[in-house]
Amino acid sequence: MEAALPEGPGAPQPHAQGAVSAFASLLRRIKGKLFTWNILKTIALGQMLSLCICGTAITSQYLAEKYEVNTPMLQSFINYCLLFVIYTVMLAFRSGSDNLLYILKRKWWKYILLGLADVEANYLIVRAYQYTTLTSVQLLDCFGIPVLMALSWFILHARYRVIHFIAVAVCLLGVGTMVGADILAGRENNSGSNVLIGDILVLLGASLYAVSNVCEEYIVKKLSREEFLGMVGLFGTIISGLQLLIIEYKDIASIHWDWKIALLFVAFALCMFCLYSFMPLVIKATSATSVNLGILTADLYSLFFGLFLFGYKFSWLYILSFTVIMVGFILYCSTPTRTAEPAESSVPSVTIIGFDNLGLKMEENLQETHSVDL
């Protein structure tokens with residue numbers, strides 16, 4: 001005989017047991033969905049990119065504050081030269097459709113526009129700091145994320161779920177928390193000489209970044225990472241070199257070179273080169289939108305290093321901001337976006353063999369239409 005279950009006030013209630021079991025099952029599902037190996041790998045790769053951006057920010061700030069060197073175009077030019085030497089030369093020694101000359105003959109004007117967008121995006125964001133405030137740059141730079149999502153929708157046919165929009169909103173909330181921490185910590189010292197011009201420059205730069213990232217995602221997923229980096233290295237070197245001669249030649253001539261300044265330039269170039277080299281790998285594994293959400297923590301890493309290097313004031317809001325951004329990033333990565341296939345035409349494709357079939361199909365359609373009319 002089976003043992004009788006105890007009855008009375010102390011006996012376990014079936015409803016309570018069911019609720020506990022359902023809650024435990026929900027926790028297991030959440031853990032299995034949010035903390036998979038792919039998501040953890042994506043987080044690690046995204047934060048590696050953030051650290052590269054942090055390195056470029058710290059070296060630029062050292063050059064500007066300690067040595068009074070403000071040459072963003074020269075710094076970008078060195079990075080594009082490295083890309084040219086490594087990846088463009090690599091394309092030159094390839095054969096077939098991956099060869100440099102073959103690519104230039106077929107798509108040269110497209111890569112000129114891509115190189116122009118990439119160079120000017122870097123330049124406009126840096127130049128905006130001279131006109132507007134740090135808060136405006138940090139907030140308005142996020143404008144690139146909705147632009148990137150819109151371009152991905154129409155160009156890459158990406159389709160988002162509700163969880164993706166919630167995740168983006170959470171990440172932007174984290175950025176707002178970071179900006180509030182900056183204001184409370186007293187980092188908002190510069191009122192800007194012309195805030196409107198600076199804000200416009202940030203919006204333009206963020207939009208160009210979005211264009212560059214969408215093109216990058218398309219090329220690395222449809223073609224190859226080396227083609228993207230080689231073409232950006234080629235045309236980025238040419239465009240930034242010309243702009244360098246026009247805009248920054250006086251600033252470069254006034255630099256008092258020594259080994260410390262040269263070392264900072266080398267450190268900036270290496271961080272930028274690593275960023276450009278690794279970002280296509282992360283975008284290919286995830287998406288451009290996912291990567292841009294992940295690198296929102298770059299400013300926070302710069303602030304954490306600035307506590308020791310530049311004497312910034314600490315605020316617990318920085319920790320809260322980092323946590324909120326990471327939560328939003330994990331939410332976004334937890335559910336993959338789907339790709340909507342372009343609608344196919346109802347008219348059969350015309351080939352040399354299929355002209356007769358096409359004619360028969362059109363004749364059948366006309367006969368059916370005539371029958372309906374009768």
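Every residue gets a Cβ built from N, Cα and C, even glycine.
Because TrEMBL annotations are produced automatically, they should be read as predictions rather than curated entries.
According to TrEMBL, the protein has these features:
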type     : residues : note
TRANSMEM : 39-64    : transmembrane segment
TRANSMEM : 76-96    : transmembrane segment
TRANSMEM : 108-125  : transmembrane segment
TRANSMEM : 137-156  : transmembrane segment
TRANSMEM : 163-184  : transmembrane segment
TRANSMEM : 196-216  : transmembrane segment
TRANSMEM : 228-247  : transmembrane segment
TRANSMEM : 259-279  : transmembrane segment
TRANSMEM : 291-310  : transmembrane segment
TRANSMEM : 316-333  : transmembrane segment
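The stretches the transmembrane segment (196-216) and the transmembrane segment (137-156) are in mutual contact, each linked to the other by at least three Cβ pairs under 8 Å (pairs 6 or more apart in sequence). Put simply, of 76-96, 163-184, 228-247, 259-279, 291-310, the stretch with the most CB pairs closer than 8 A to the transmembrane segment (108-125) is 228-247. The transmembrane segment (259-279) and the transmembrane segment (76-96) are in contact, since at least 3 Cβ pairs between them lie under 8 Å (pairs 6 or more apart in sequence). Here the transmembrane segment (163-184) sits apart from the transmembrane segment (76-96); fewer than 3 CB pairs are under 8 Å, leaving out pairs fewer than 6 apart in sequence.
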